[in-house]
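Taken verbatim from Swiss-Prot:
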REGION    1-36  region 'Disordered'
LIPID     Cys3  S-palmitoyl cysteine
DOMAIN    71-348  domain 'Protein kinase'
BINDING   Ile77, Gly78, Glu79, Gly80, Gly81, Phe82, Gly83, Arg84, Val85, Lys100  ATP binding site
ACT_SITE  Asp198  active site, proton acceptor
MOD_RES   Ser202  phosphoserine
MOD_RES   Ser232  phosphoserine
MOD_RES   Thr238  phosphothreonine
MOD_RES   Tyr246  phosphotyrosine
Amino acid sequence: MSCFLGPSTNNKSRENEGSSMAAPYEQQNLPRNDRRQITTWEAVGTNKESPKNIKAKSFKFRELATATNSFRQEFLIGEGGFGRVYKGKMEKTGQVVAVKQLDRNGLQGNREFLVEIFRLSLLHHPNLANLIGYCLDGDQRLLVHEFMPLGSLEDHLLDVVVGQQPLDWNSRIRIALGAAKGLEYLHEKANPPVIYRDFKSSNILLNVDFDAKLSDFGLAKLGSVGDTQNVSSRVVGTYGYCAPEYHKTGQLTVKSDVYSFGVVLLELITGKRVIDTTRPCHEQNLVTWAQPIFREPNRFPELADPLLQGEFPEKSLNQAVAIAAMCLQEEPIVRPLISDVVTALSFMSTETGSPSGLTGTALNPLSPKTVEDQGWLQCESPRDVYSLL
């Protein structure tokens, strides 16, 4: 279950859920117009990680214990690879918050923890869950985040209960766009840049307006950014969402996140969980099931969530499937950059007619073109869309 959630339909810990970790964005993957020197987070934190230099508020443990009624079970709203998350209400301000109590096994030292808090406190974007504060008290390590009353995308898409209103098509595209913008910030605008590493539907939180906010980014020590590739000592992502090259070799790049985004977009299109052993054998892995359909564009409508009851523009469905198919390509080099995905989804979410006025890059990582030049978003039929993949 994701962190910082509102009431969830399923609070039990999920199998195969790895720690939600972030890693540095390799220098070789910086945008062509931004080959700036980047440093490790540890270097960024040097001489700055003292509490007085951290923008996030420092809380006493007793304050957070009071806010959560001593971390009672009824206040528990989520569990993940890093610990438990409780809903709380600050006694002094009345602010409702989400308190993440980190697992005390393998605790970092005080300095390492403060370096990470300093790093997290520098990340600000409308599509990231805000870090309000932290607690470093004895062996206790806690993070305080804004509370997200609607829970996670998973709650509204994959754990729909009887009588619950399913997400409509426009909301799904809007959520996809918000999540993509959050990733774009981490990849291309944060300094130093960050790879999410465990992007999934349970880590996409929703506020009262159904705006997407990413959670659980950057909660682990980061490796060297000088290497040509970031090779993790162990793969820690969630099965089904991990890019194949990361799962096989531990090699991590921004394109690993793009693959994971493609999985979530496919979940948004289909309403199906990426791994579900209750489905027929050939459908248990969502990506494996969808790949043959990607090759037969006339079958694209088969991917649509039955709960949508056909209430979606066919052209928009075709475009969304095209984006997902590109993100889910086996070879990382031919996947798009997340900024190209943002361009495409922005166009989809605002389209009112002819797309000829759109400027920017199209979804083609090998030979960037304008949307007008490549034309893939202008296609009317599934076959036309797929011919441009």
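Note: Cβ is positioned from N, Cα and C throughout, glycine not excepted.
Locations of recorded Swiss-Prot features on the structure.
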{"residue": "Ile77", "record": "ATP binding site", "DSSP (3 states)": "strand"}
{"residue": "Gly83", "record": "ATP binding site", "DSSP (3 states)": "strand"}
{"residue": "Asp198", "record": "active site, proton acceptor", "DSSP (3 states)": "coil"}
{"residue": "Thr238", "record": "phosphothreonine", "DSSP (3 states)": "coil"}
{"residue": "Tyr246", "record": "phosphotyrosine", "DSSP (3 states)": "helix"}
What's the CA-CA gap between Thr238 (phosphothreonine) and Val85 (ATP binding site) in angstrom, rounded?
19
Taking the Cβ of Ile77 (ATP binding site) as the centre, count every other Cβ atom within 10 Å, in any protein chain shown.
24
Averaged pLDDT score, the domain 'Protein kinase' (71-348)
89
So which of the modified residues is most packed in, judged by how many other Cβ atoms lie within 10 Å of its Cβ, out of Ser202, Thr238?
Ser202
Please report the distance from the Cα of Gly83 (ATP binding site) to the Cα of Ser202 (phosphoserine), rounded to the nearest angstrom.
15
For Tyr246 (phosphotyrosine), the one of Ile77, Glu79, Val85, Asp198, Ser202 that lies nearest, given that the recorded positions are compared by Cα
Asp198
Would you identify which of the recorded positions Glu79, Asp198 has the most other C-beta atoms lying within 10 angstroms of its C-beta?
Asp198
Between Ser202 (phosphoserine) and Glu79 (ATP binding site), find the distance joining the two CA atoms and give it rounded to the nearest Å.
11
